[in-house]
Amino acid sequence: MQNESKKDWADETDCTPDGLIGITAETATETAAFPNSIMGSFVAKLRRFLEDLSIKRRRILLLGLDAVGKTTILYHLRLQECVRTIPTIGFNVETFTYKAIEFTAWDIGVHEKARALWRHYYPNTDAIVFVVDSNDRDRMEEATGELHRMMANEADLRDAKLLVYANKQDLPHAMPCAEMVDAMRLHAFTSSKRKWTIQPCTAVTGEGLFEGLEWLRLTLE
């Protein structure tokens, strides 16, 4: 009778060969898996670290006259959708990643006082994205003057690449890009050895925006 009682007690306590009591097979499996979970977490963190190293960070300024579509372009590049916007007072700044390049884009307000402050944003700028309303022929000369004045007089922009978005190409009286190159005297930048291009686009639909961004990516690599 006494021996049977001892046997029952041994079965209930689930003794293990090494003398540990209460370690079930399930618990042992979880314990063995613990180092694997640590290793998995380490590998994931290492992968993210290496991805961060491979990402190139570039700073771009989004400039142009008022009501040309700068903010619409910014949020279409950021969110890949059209967002209802209001005129920018001050600035908007957004960061987005496109093909291993992290762009920090500054959309600067363009009222008269804000234009005087543009130069404070120039240091460490890798590229200027200048947006023009291709349908507004009356202000083409004003846009041209702002662009050339900025690019010619600022030492901080000496090496900055230039992407001109010819926006609102969907409108019936939009100026073709070939005509805009002449009207805006963009060939002057070729003689100064500045890398530039003009990209037709329609901000509200996104057409042409990523083609311009792809040129920027390849140029900045």
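First residue shown is number 1, and so on along the chain.
Placed from the backbone N, Cα and C atoms, the Cβ positions cover glycine too.
According to TrEMBL, the protein has these features:
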- Gly64, Leu65, Asp66, Ala67, Val68, Gly69, Lys70, Thr71, Asn167, Lys168, Gln169, Asp170: GTP binding site (BINDING)
- Thr71, Thr88: Mg(2+) binding site (BINDING)
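One residue stands out among the binding-site residues Thr71, Asn167 for having the most other Cβ atoms within 10 Å of its Cβ: Asn167. Among Gly64, Leu65, Asp66, Ala67, Val68, Gly69, Lys70, Thr71, Asn167, Lys168, Gln169, Asp170, the residues given in the record as binding GTP, the maximal Cα to Cα distance rounds to 19 Å. All protein chains included, Lys70 (GTP binding site) registers 27 other Cβ atoms within 10 Å of its own Cβ. In three-state terms derived from DSSP, Asn167 (GTP binding site) belongs to an extended strand segment. Other Cβ atoms within 10 Å of the Cβ of Asp66 (GTP binding site) number 14 in total over all chains. Summarising the environment of Gly64 (GTP binding site), the number of other Cβ atoms within 10 Å of its Cβ, over all protein chains shown, is 24.
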